[in-house]
Structures are given as structure tokens and as C-alpha cells.
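Everything on this sheet refers to the single structure shown next.
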Amino acid sequence: MPSFVFTSESVTEGHPDKICDQVSDAILDALLDQDPNSRVACETVVNTGLCLITGEVTSKAKVDFINLVREVIKEIGYFGAKAGGFDSNSCSVLVALDQQSPDIAQGVDEADDHSGNPFDQVGAGDQGIMFGFACDETPELMPLPISLAHRLSRRLAKVRHDGTLKYLLPDGKTQVSVLYENNKPTAIDTILISTQHTAEVEGITSEKGIREQISKDLWELVVKPATEDLPIKPIQEKTRFLVNPTGKFVVGGPQGDAGLTGRKIIVDTYGGYARHGGGAFSGKDPTKVDRSAAYAARFVAKSLVAAGLASRVEVQLSYAIGVANPVSILVEAFGSGKMSNEALTELVTENFDLRPGAIIEQFGLRSLPNQRQGRFYRDVAAYGHFGRPDLNLPWEDVQDKAKELIESQK
């Protein structure tokens, strides 16, 4: 097969869209922490000096939304003299939340196809299609380009938070291009980092000097540490390294661009390496299959790869609003499977319970915020929902399921 280059991007927690995802999920955490049966569909908008939260919420919880929003924005790094025009202390916070539609609630509360089984009584919160993916390119069974991009974004945020690079500001993006030969990653072709910074960097004020200093620092303190344990590493003489290609990046965050919840769905998943059903995750409670079924689809795909039944798997699920059982299940192994796609699909149908109620129960999706000191989804909202070695995510824990699948084939 001819060689090709595949590219994926990530963004830091200070990117305007990611601020919104984290705010929406912090609100979800706070509501589920007090009332695990909360129904939440929370959208956030940020712009210069403004944060608006809107959507639908039905919950017994009592939450100080305004203070919570300010706390999230402050933790990201938008406060004080280095706030870059967006300050947690002074921005306006508007709350416009309504109750969930009773027409939607009745279908979720009592599924159209229920049979007395409690899992049959929870219908899907909406129609839709969801995809899950896994491959053997990394230890966490994720595509290498998005895995690398997230590593760089996390490291970029770390050296900002710990003061290693004091001139860095919260907004930033990374992009990684990987060379593939015979469908296997063989080299890192290009790394791009765009990072917000102060107007003066280490006493340097010229645009050229600032970019040179940032490039030097990022290679040594971000790129090298983020990739040191990988078999495929960037090589300074061969890997193209681009930093702030426009020259400078002083105005950023909500001061530079408006942000919205759900605009980084490819960053949240597989970096474009697999298909996406179109539904965002953040701000949605587990009855929304956009979120819970996408987590389940990842669990299925990762289990199949971990069991050695294929080296690359994509799983599609579809649902109808108010109906518990999936409308369809499809497994595609791209020729890498030890059995046909039809046989893999049958195996999944027989071994995985993909009703929303069962997914919620298996992963503990309603109780996780309470079990983890009031915050869970907020931590997942930045740097990807899958393949997270830094977080203990239930849909990533496939060891036992992989063993079950292996045993089922004996």
C-alpha cells in the first residue's frame, strides 16, 4: 500500500470552545453529584467578557451556577493580570436554563419497548448514530496522531501551570502529522504548536526573537518530554516543527474568538481517524446516547482489539428516541479481523448489552461525579474522552471483557 500522511489536532483547556465544554461538564458534575437522576443538556457560550450558560435541566440539586462558572474559568488560568482580557472575577455570567421537555422525558423514563426489565425501561434520550474505534498503534489502543496531539497539549498546559514557561497564556492548539507506510505509523512528519503568550517573552519584544525563543523552549520542554517514551519520536533534523506561524499570538481565548460547547467533537474522539456520528458529549447527562453510547462503542471496539480479534475496529451503533435496544449494530475491521465483519457483529450483539440503562449501570455514569469528589466529566472534557492514561475511565477498562471474548472463542 502506498505511504500517506495523516494529521490530527488537539487544543488546550484554555481554547474558547474547550472552556465551554469544561463549564458545561462542571455543571453536569455538580448536578449529578447531588441528584444522580438529573437530566441535563447544558450549553455554554463565551465571548469577550461574557459567559452564557443555557439549555435544559431537570434536577433536585441546588447549584450556585455563577460561582461554579467563575471557579472553572479561574482554574483554567483566566484571572488577574495575565487573563488576556477575559477574567473570571469580572466577566459577566448569564444563566438561562429551562426544564427538560416532558415529551422527551416520557420516552426516556419509560421506553417504548420495555418488558419489565429495568434496563428496558430507560429509553434512548434521542435518535442518532454513534461510532467507537480502537487500533493497535499505541498502548492505549488509539490512533497515533491524536494521541500525540493530546500529549503535546497536556504538556503545554503543564509547563504553563507549573511556571516552567511563565510567558505562556491559556489558549493553545497542537497538530501532529504522522507518516504511514503499509498502514503502520513510521515517522512524525510535522508538529505544529500555536500557543498564546505575553507581549514580551524573556525580555524579548521583537516578533522574530519571540518566535525563536518560544520554538526553542517548546522543543526542549514540551515536545521532547511528551514523546520521550515513544518508539516513534520526532527528530529535530527531519521533523518539521512549526510554532505560531502567523508570527505572534498575544490576543487569545474568548478575547480573540467566541467559544461554544460541542465544537471540538473530533478532538474529543479520534482526531478524524474514524467516523463520527455528529453528537457532542459535554453538558449531556448519561441518558443522552450521544455521550453514553459513544463511550460504549469505544468500549466494544477496544475490547475486540485487546482480545486480539482485530488490529483495527470501528463500531457503529444507532438508536431511536424512547427505545431501549439499539436499532442497529455494525462492526468494521478493515480486513484486520480474525473473523468476518458479520461474525464480529454477531459476537458483539451476543456479548455486549448496549441498552442505555445497561450502559449507565455498567460504567456507573450517574454516580461517578459523587464517587470522585464532585468532579468527573469536567476532567474528561479537555484532552480527549478516550485513551486517557491520566484518568481512570470505566469505558477504557477492557481487560476483563477482552478475557471473556478470548474464552468465548475457545
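Glycine is treated like the rest: Cβ placed from N, Cα and C.
The ATP binding site annotation in Swiss-Prot covers H15, D171, G172, K173, K248, F249, D257, R263, K264, A280, K284. Summarising the annotation, Swiss-Prot assigns Mg(2+) binding site to D17 and lists sequence analysis as the type of evidence. Annotated K(+) binding site per Swiss-Prot: E43, in sequence order. Per Swiss-Prot, the feature L-methionine binding site maps to E56, Q100, D257, K288. The region 'Flexible loop' annotation in Swiss-Prot covers 100-110.
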Across all the protein chains here, work out how many other Cβ atoms are within 10 Å of the Cβ of H15 (ATP binding site).
28
When distances run from the Cα of D17 (Mg(2+) binding site) to each of the binding-site residues K248, D257, K288, the nearest one:
D257
Around D257 (ATP binding site), which residues of its chain at least 6 apart sit with Cβ under 8 Å of its Cβ?
P16
Per DSSP, the residue listed as 'Mg(2+) binding site' is which: helix, strand or coil?
helix
Give me the largest Cα to Cα distance among H15, D171, G172, K173, K248, F249, D257, R263, K264, A280, K284, the residues the record lists as binding ATP, in Å as a whole number.
36
Between H15 (ATP binding site) and E56 (L-methionine binding site), find the distance joining the two CA atoms and give it rounded to the nearest Å.
24
Given the binding-site residues K248, K288, which one's Cβ is surrounded by the fewest other Cβ atoms within 10 Å?
K248
Taking the Cβ of E56 (L-methionine binding site) as the centre, count every other Cβ atom within 10 Å, in any protein chain shown.
16
Pairwise CA distance, K288 (L-methionine binding site) versus K264 (ATP binding site), rounded so that it is a whole Å:
18
Residues that sit under 8 angstroms from the residue listed as 'K(+) binding site' by C-beta distance, when 6+ apart in the chain:
C20, S24, I53, T54, G55, L260, T261, G262, G283
For the C-alpha pair, I'd like the distance in angstrom between K248 (ATP binding site) and E56 (L-methionine binding site), rounded off.
40
Between G172 (ATP binding site) and E56 (L-methionine binding site), find the distance joining the two CA atoms and give it rounded to the nearest Å.
30
How many Å lie between the Cα of K264 (ATP binding site) and the Cα of E56 (L-methionine binding site)?
21
How long is the line from the C-alpha of K284 (ATP binding site) to the C-alpha of E56 (L-methionine binding site), rounded to the nearest angstrom?
10
